[in-house]
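Quick look at what Swiss-Prot lists:
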- R48, R54: NADP(+) binding site (BINDING)
- R125, S126, S127, N238, A239, G278, K293, P294, T295, S296, S297, R319: FMN binding site (BINDING)
Amino acid sequence: MSGNTFGHLFTVTSFGESHGPAIGCVVDGCPPGLAICEADIQRELDRRKPGTSRHVTQRREPDTVEILSGVFEGKTTGTPIALLIRNQDQRSKDYGNIADTFRPGHADYTYWHKYGIRDPRGGGRSSARETAVRVAAGAIAKKWLSERFGIVVRGHLTQIGDIDIPFTSWDLVDTNPFFAADTSRLDELEAYMDSIRKSCDSIGARLRVVAENVPVGWGEPVFDRLDADIAYAMMGINAVKGVEIGAGFGCVTQRGSEHGDELTPEGFVSNHAGGILGGISTGQHIEVSMAIKPTSSIARPRRSIDRQGQPVNMETHGRHDPCVGIRATPIAEAMLALVLIDHALRHRAQCGDVRVETPQIAGRVG
């Protein structure tokens, strides 16, 4: 299976399946000398791990990370960093009834036609379980970006179903199970998710992730544009079906006089571009939004076919997130950080000595 490596200079190669002994990744290209320990990575993993509330899968995985290589006396050595997370709460018997059928909305049908073999236990390689190692790798990227450039990458949920979640403060995001930046609608969200779960159904979500203090100049024009790589990274997250940069699809109703971000000596007047112009960072906040589809695994009878192409009615049992978007925020943060560190290293390699007389203006006026 190809397509398991992400990045150019800072690369992440992941491995493992949902119900295998372990999942893990190898991070290559990390600059030497970065102080990193398992606790730094564990903090990010704990934000994503399952079983943290009744609104997510009840699979109980501690997601304890082990650093196997690439770190000596608490610092990265510049050699490959191997990270391992052991699976401890698999319940493969829940998937015995789907070995010869294809779950609607899942990768079962496509994996079977592509490879001629598939692991039905928890979705195997296509499971969102794999994203834990992306969060682990992203923790390393986040720490380097923060220490080297003061970059902060953070996200929050903006919508579940038809419930919009306004933004009030970043300080609120990690105080509730929904990664919400406003707590005024928590009771409504709790009741809504309870009703979704009791009806044996699932629901979609929307989230936003922001990178602050990104310098101007990162990104490669044409094919490796910064926004193109960000969209590529986000679309590689399970269940993501749409990505917007800045105003995104909202630009359809904007006029050029409104959408174009004017520049003044004091700074940009707006940020409809989402911090990227011509595929290169502007120095403003990079703002990304994404739409996440409803969980495909639901305990409702649905039509499908078996391997022989015969019609079947099937229900998907097991432990599943009624809204996969709830736990997607740390994953999206990690993927944005991985894109940024890769472009930081690429920029340093080609254009690190470039200096111009024009000062970098503020990200936004007011």
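Indices start at 1 and increase along the chain as displayed.
Cβ coordinates are placed from backbone N, Cα and C, and glycine is handled just like the others.
Features as recorded by Swiss-Prot, highlighted on the structure.
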residue: R48; record: NADP(+) binding site; DSSP class: helix
residue: R125; record: FMN binding site; DSSP class: helix
residue: A239; record: FMN binding site; DSSP class: coil
residue: K293; record: FMN binding site; DSSP class: coil
Check your understanding: Relative to the Cβ position of R125 (FMN binding site), how many further Cβ atoms are located within 10 Å?
Key -> 21
Point to revise | Alpha-carbon distance [S297 (FMN binding site); R48 (NADP(+) binding site)] in Å | key: 19
